[in-house]
Each structure stands twice: as C-alpha cells, then as structure tokens.
Amino acid sequence: MTNIRIGQGYDVHQLTEGRKLILGGVEIPFEKGLLGHSDADALLHAVTDALLGAAGLGDIGSHFPDTAAEFKDADSRVLLRAAYQSVQAQGWQVVNVDTTVIAQKPKLAPHIPQMRANIAADLGIDISCVNIKGKTNEKLGYLGRMEGIEAQAAVLLVRI
C-alpha cells in the first residue's frame, strides 16, 4: 500500500450582491459575495475536495450535500475540519497544502496570512505547510468579468 497520496481540489462560485465574501475563513470587505448553499468559501471547498480525493473518500458534495438543510449557510471551516477527521480516521495526515485563488478583484494579498493561519489551524499543521497564491484572470472570461471566483488546491497526505 502506498504511504503517500496527493489530492487535487477545485471550486468556483458566482459573485452576487447581498452576500458576504468569505475565502479561507476570512470575511473580505467587498461589494459582492459568493453565492452558495453554505458560506460559499471556494478556497476551503477546494481544500476539502483535495483532502477527500487524496484519501479516496469522494468529494465535498457527497459528504455535505447542497440539498441538506443542515448545511444551509454552513461555516466551511467546520466542514473542512469534519472532512479532515474522516481522512485521519482512514490513517492519513496532511503534509502540505498548496492553493491558488483566481479573482479579478478584490486583492487577496492583505488577507492571505489569516487564510493560511485558518487552514493550518483547522488541519493541525504548521502555517509553513500552507501556501495560498492569489491570481487574476487578466480580465479574460467570466473570472475576468468578475462574475465569479475560482479556487484550486493540491494536498499531500502521508500514512500515519
């Protein structure tokens, strides 16, 4: 049996008026927020998918369906911690997390240190093991038109 595994996660949510913008568990001041059943934290959803995928446990939708009332407006940090408990129960531990958030606006750099701290705390790893890169889409496509925000994540697990 393999002692290391890598998982890849992806999420995208539409930007809309009347919602808070939450990424990496951080509320970011912006005129729009992400539309979703939960708090729509695309970054944490991508990390959660990467964790579950690496452990062979499906995806975020199979664990926390958007049709379930108990996950309406759910805090994605709570979902991430619950998913990681399932991963640990299978005998896996996170080595590192590398992510990319693609958003034309707002600028993410001022918020990245707190996002990293949140993810590190939720996974019980050192902040140096969490990386977040903020990118724009150079005004191309739906991301460039500020219709949504996309997140990608890679997670390395080791057998414990």
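Even glycines carry a Cβ here, placed using N, Cα and C.
Annotated features in Swiss-Prot:
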- D11, H13, H45: divalent metal cation binding site (BINDING)
- D11, V12, H13, H37, S38, D59, I60, G61, R145: 4-CDP-2-C-methyl-D-erythritol 2-phosphate binding site (BINDING)
- H37: site 'Transition state stabilizer' (SITE)
- T136: site 'Transition state stabilizer' (SITE)
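A C-beta separation below 8 Å, combined with a sequence spacing of at least six in one chain, links H13 (divalent metal cation binding site) to L34, L35, G36, A40, A42, G148, I149. Note: the CA-CA distance between R145 (4-CDP-2-C-methyl-D-erythritol 2-phosphate binding site) and H37 (site 'Transition state stabilizer') rounds to 23 Å. Sequence-distant neighbours of H45 (divalent metal cation binding site) (same chain, six or more apart, CB under 8 Å from its CB) are G9, D11, I60, S76, L79, A151, listed in sequence order. Under the DSSP three-state reduction, H13 (divalent metal cation binding site) is assigned to strand. T136 (site 'Transition state stabilizer') sits 25 Å from H37 (site 'Transition state stabilizer'), taking the CA atoms of both as reference points.
Non-local contacts of H37 (site 'Transition state stabilizer') by the CB criterion (under 8 A, 6+ apart in sequence, same chain) comprise D66, F71, K72, D73, A74. In this view, T136 (site 'Transition state stabilizer') is surrounded by 15 other Cβ atoms within 10 Å of its Cβ, with every protein chain counted.
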